[in-house]
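For reference, TrEMBL has these:
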type: COMPBIAS; residues: 589-607; note: compositional bias 'Basic and acidic residues'
type: COMPBIAS; residues: 608-618; note: compositional bias 'Low complexity'
type: REGION; residues: 41-63; note: region 'Disordered'
type: REGION; residues: 147-173; note: region 'Disordered'
type: REGION; residues: 589-618; note: region 'Disordered'
type: TRANSMEM; residues: 295-314; note: transmembrane segment
type: TRANSMEM; residues: 335-355; note: transmembrane segment
type: TRANSMEM; residues: 422-440; note: transmembrane segment
type: TRANSMEM; residues: 452-471; note: transmembrane segment
type: TRANSMEM; residues: 483-502; note: transmembrane segment
type: TRANSMEM; residues: 509-529; note: transmembrane segment
type: TRANSMEM; residues: 535-557; note: transmembrane segment
Amino acid sequence: MDSLALALVSSERAMEANTSSKTSGVPSLLANVEVSHLDGFDTTTPMQSPKPVLHPDTGRPARMRPPERVAPRSEAVIPAFDSPFNPPGQRSGHPVSISLPSSPTGFGEPLVAPGGDLHERKQAMSNAAQEPAQHVRFVQPHRVMFRSQPNPGGVPTHAVRRMGSRGGRTMNRDKRYDSFKTFSGKLERQITHLAGGGVPVSTPEEEEFAQGQGEAVSGDNVDRFFAALEGPELDKLKSSEELALPADKKWPFLLRFPISAFGMCLGVSSQAILYKTIATAAPTEFLHVNPKVNLVLWFISVGLMSIITAAYAFKIIFFFEAVRREYYHPIRVNFFFAPWIACLFLAMGVPPSVATQLPPWLWYALMSPFLCLELKIYGQWMSGGQRRLSKVANPSNHLSVVGNFVGALMGASMGLKEGPIFFFGVGVAHYTVLFVTLYQRLPTNATLPKDLHPVFFLFVAAPSVASMAWAKIVDEFGVGAKLAYFIAMFLYASLAVRINFFRGFMFSLSWWAYTFPMTGAAIASIRYATVVDNAFTKALCVGLSLLATLTVTGLFATTMVHALVYHDLFPNDIAIAITDRKMKPIMELQESGKDDDSRSGSSKDVEAGATAAVAPEA
């Protein structure tokens, strides 16, 4: 009978447990698991309060310090920690909270053993609420809320974004070019600071390069150019030297734009003079050349001159140190005559539809820079100092001489007398000295490399223009003019017969040295044909004019292709990037390394001997 009653009671309890599990959503197997003996486990029975801590003096339970903050729902409270962004010993002023997602369905509901009443559930919840805050509690929230706290240190995200958008290019500014800039980067940094872009930073390599290799070259120390550079044009760096700019990167365009680019203006503008002469001269009337050809070429010359002048003007404004180095370069200084010679060509080749007569003040305005430059350069040639002619002589020096004859020709064409004779006499005197010096090759007795052979055509330019200038001054193509013309033709023929002398080398700006000397020889031949009119002189006029036109046209097209397609027309200008410091040769470095090793070895032997001497005494 007792066993039957016990079986009925067990079945009733099992049914109640199944009913409770269905209503609570927890399987019966998990509901009957006894886990109350496991410490720290989220048990299904009411959690017992921890054993109170007794005070050591009174023996009564010690009063626990209430938590500083009650954690909101779905939030785990972690004690404050020392942040790496705060100074040592200073703790964060606000707690760090971690937002937790809501628990799965049924998770977090207090489970009560079968048979428990409502009073036990309330007691369990009250005991759990009184526990310290260091335990992590999971409570089912009425609404899911995700909270985030700001980081204790660092830069705000919006500030970083603003700095990156405004000063992204300036923040990583390369300081290695500052020594060549007019403002040394100060104006750029001020503009960036006013725009809120922050302080520009550089890499350690750039700092070392800017501090250790950016020394300026003294203008008076012309020997430094000869010691660091080689080649007749002094544009090749010696192997024992180092650069003030990075050799493995392409420099800014303005730093790579040389003063020798004005040679293109000389070639194109001289073509405008040629076709103006062909259209108006008697020996070439049978060609019936339209004067509009001169008009088109003149406008092309003006456009090209404007572009090149604007580019070099920007170089003067932003990279004045590079312009200063070009001026002190013993060879590049001659190209500072080229812009003014090009202006004289434009004035002489102006179409009749644009202007029939030029004002005299224009000649004085254009010849004033010539006089200033000649007083500087010719004085150095004659003084016998570091820049004496026997030391700096080069075919490019013809540019400093031919301007005198071009100016004399223009002045005589405008009706002036004394001024043209003055510049003609100065030109003849210095051309004679330069001609002899270049023939003897006094500086180095070295031959020109192949890519600089076209510079030899500058020998033809001066006597060709001089013959026309003297003919204008005396108002006839007499003996003096013919003498200069014949010298020019002989030099032209001596270069033309050496065809192999001008083949097998890559394109460069030095090719433009072909252009205006050939054009000058063609114009001089037309002037000579007006006096000596026969079939040979007419054929010579047509042949030289056609050869000069084909040369300028092909060279202009090649230049545009290299400039716009290949982008290799202006390489890094090595001539302006030398430093005052000379790099030690490899052999010296090896010998110094051996000396250091021997010194270190001897010091080690001395130390070993001293140690051995002290050891017996110990």
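Yeah, the Cβs are placed from backbone N, Cα and C, and that goes for glycine too.
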With pairs fewer than 6 apart in sequence excluded, do the transmembrane segment (422-440) and the transmembrane segment (509-529) have three or more C-beta pairs that lie under 8 Å?
no
Please identify the stretch among 295-314, 335-355, 452-471 with the greatest number of Cβ pairs below 8 Å relative to the transmembrane segment (483-502).
452-471
Positions on the same chain near the transmembrane segment (422-440), where near means CB under 8 A and six or more residues out:
367, 370, 374, 378, 381, 389-390, 393-395, 397-398, 400-405, 407-408, 411, 459, 462-463, 466, 469-470, 473
Contacting positions for the transmembrane segment (452-471) when only residues 6+ beyond its ends and CB under 8 Å are counted:
231-233, 394-396, 398-399, 401-402, 405-406, 408-409, 412, 420, 424, 427-428, 431, 435, 438, 477-478, 480-485, 487-488, 491-492, 495, 501-502, 505, 510-514, 516-518, 520-521, 523-524, 527-528
By Cβ distance under 8 Å, which residues at least 6 away from the ends of the transmembrane segment (295-314) in the same chain are close to it?
254, 257, 259, 261-262, 264-265, 268-269, 271-272, 275, 339, 342-343, 345-346, 349-351, 353-354
